[in-house]
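I have placed the structure first, in the form of structure tokens, so that the comments after it can refer back to it.
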Amino acid sequence: MIYQSPTIQVELLEDNIAKLCFNAPGSVNKFDRETLASLDAALDSIKQQSNIQALVLTSGKDTFIVGADITEFLGLFAQDDAVLLSWIEQANAVFNKLEDLPFPTASAIKGFALGGGCETILATDFRIADTTAKIGLPETKLGIIPGFGGTVRLPRVIGADNALEWITTGKDQRPEDALKVGAVDAVVAPEALEAAAIQMLKDAVAEKLDWQARRQRKMSPLTLPKLEAMMSFTTAKGMVFAVAGKHYPAPMAAVSVVEQAATKGRSDALQIEHQAFIKLAKTDVAKALIGIFLNDQLVKGKAKKAGKLAKDVKSAAVLGAGIMGGGIAYQSASKGTPIVMKDIAQPALDLGLGEAAKLLSAQVARGRSTPEKMAKVLNNITPALDYAPVKHADVVVEAVVEHPKVKAQVLAEVEQYVSEDAIIASNTSTISINLLAKSMKKPERFCGMHFFNPVHKMPLVEVIRGEHSSEETIASVVAYASKMGKTPIVVNDCPGFFVNRVLFPYFAGFNGLLAEGGDFAAIDKVMEKQFGWPMGPAYLLDVVGLDTGHHAQAVMAEGFPDRMGKSGNDAIDVMFENKRLGQKNGKGFYAYSVDSRGKPKKDVDPTSYELLKAAFGEQKAFDADEIIARTMIPMIIETVRCLEEGIVASPAEADMGLVYGLGFPPFRGGVFRYLDTMGVANFVALADKYAHLGGLYQVTDAMRALAANNGSYYQA
């Protein structure tokens, strides 16, 4: 053994080829500080051996290296620029040391080689992947750029255009795609991986492969003619900005770094990367996006823990077909859990099966599935007009019409047919779980399971704990949601649960602006373009449906009359009473039609303005700051109330609910990250300016105390 540490082992194989194996404790290899220090020491030990002729990098795990240890990032990025620069220069010195070894090097890549893992393989002369490999630089998804030489080496290996696509999208690349562009030199079966890498090194030692020429190319400026370079980078900037927009600076910064470094050798090019990395690491966007990643890990960790308490869900059932039932059935079956789809009407079953078939056909058309897989998934969905096939289900999801009496009746019925230990969940967006539990003989096996529409696209599931729900029930539904590929957050029962409870105060702020003559299209523009929502409030209400919004608003007003009660009609009422239901009937705030390509089209409709003018008078202009304040303050305060009341367990889970359930702008990180970035005291001062507008604008005592102590919701 040449070197051994808890994370890395180095041994000498036949023919004087050294093997460096990444094998950290735990399930995966990460590039944390300990691993980086071990790699540095291992390379020093290797350099001291005079007989080594080549080096192969391998992994003792199912994956190569999943990337940097992101849990270290926020603390590290809070350091002074000088400290951060010192860290990044030391890290890069290790990668340079690997690249500068006086003999050929190769990486044997299996599973993920992402971020720092990808930058490790780029520092070697040859790269051989097996068929399980996924390679990529996802850093821009975290608001930063690669910091261990990725922006320098990748363009010199696969060309600037290909490298910019990899870096700016942050997507994982399949081995066959990596082979096409030259990021890897061969793709082999997993059992042949190490032997293939060693054979390539033997060929290099025997001078059949010119490893020194390959290495020199990575050390040198890019070989791009000046005019071609200018055209390439100008085109890239336009394309990247069109996708990333102004709120996500990292992809554009990556293009600039590659452009500036194009004429430089390795040393100068790395300095350009370092400076850009440090600048981005200090941004609020990086803090927000890294925060989302860490919050996602926390939520997934909780779900994994729940799996230990959970009942094993081998089969499921959904009551109520149609679009929602079909979506739930598709999601369950496509992720491997067979499901019965039960309805009282054959046309509804046909619609549900049609929805599942449509979603599967789209997967096949995009090359993400095959006709054989599609048939297998459809065979996992059993349509039924009676309860007989439901009796074997481990979990039953009730998804009938959103009406308390109908749901209560269906829940009471299904309880008679299922096994004693089957778990029953209601997919409801507004009806109290405690109320529905009254219709059940065993309320301890019952909880809420709120899917968001469309089911196949929306990642969030709210698992709602009723006062009688057992821990096993909650754990089992959380585990089932995870198995379906969803991100579950557990919330306690209250009107609107968590997501809808905080959404409707936002709509109330919007209604308030319209009642004073605000222009809904202008408000949407501000909330989309400036704040960053995927849809402004008027457009979102049209998509949700004004009938659904009208009903949910009434539920919220009844549940929280002091804050959400109304004294008269608002804009939602005006649209609903004039049968303008949104996209579903082609007219809401906007008018909807289909364009020549069959895609839905949204247009401003003069009729909406006439109706609003008749109800609220002449239009009045509001500036962007006031629009943002008056819509967001109520949502933010209500989110804080949910945390204080224990409806949601932590700021992290609340922020994930907002990002995954509502599309809260990821670059802002969620309500609590947004509050911390803004400063709680600054927010309280802003809210106090609007406190005269009513209870939705009045901060809680606990918020005021936190502001007075200069506190924050996240611990740095």
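We count from 1, first residue shown onward.
Cβ atoms are placed via backbone N, Cα and C, with glycine included.
Taken from Swiss-Prot as is:
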- H450: active site, for 3-hydroxyacyl-CoA dehydrogenase activity (ACT_SITE)
- D296, N500, Y660: substrate binding site (BINDING)
- M324, D343, V400, V401, E402, K407, S429, N453: NAD(+) binding site (BINDING)
- 1-189: region 'Enoyl-CoA hydratase/isomerase' (REGION)
- 311-716: region '3-hydroxyacyl-CoA dehydrogenase' (REGION)
- E119: site 'Important for catalytic activity' (SITE)
- E139: site 'Important for catalytic activity' (SITE)
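Between the alpha carbons (Cα) of E402 (NAD(+) binding site) and E139 (site 'Important for catalytic activity') lies a span of roughly 42 Å. Comparing Cα positions, H450 (active site, for 3-hydroxyacyl-CoA dehydrogenase activity) lies closest to S429 out of the recorded positions E139, V400, V401, K407, S429. With all protein chains in the displayed structure included, the most crowded Cβ environment within 10 Å among the recorded positions E139, D296, E402 is that of E139. In sequence order, I323, M324, G327 make up the list of same-chain residues 6 or more apart from N453 (NAD(+) binding site) whose Cβ falls under 8 Å from its Cβ.
Neighbour counts of Cβ atoms within 10 Å were taken for the binding-site residues M324, V401; the minimum is at V401. Taking only the Cα positions, the spacing between E119 (site 'Important for catalytic activity') and D296 (substrate binding site) is 24 angstrom. In sequence order, the recorded positions near S429 (NAD(+) binding site) (Cα within 10 Å of its Cα) are N500, drawn from E139, D296, N500. For the pair E139 (site 'Important for catalytic activity') and D343 (NAD(+) binding site), the C-alpha distance works out to 46 angstrom. For the region 'Enoyl-CoA hydratase/isomerase' (1-189), the model's average pLDDT works out to 96. Of all the binding-site residues in the record (D296, N500, Y660), the one with the smallest CA separation from D343 (NAD(+) binding site) is N500. Between the CA atoms of N500 (substrate binding site) and V400 (NAD(+) binding site) there is a gap of 19 Å.
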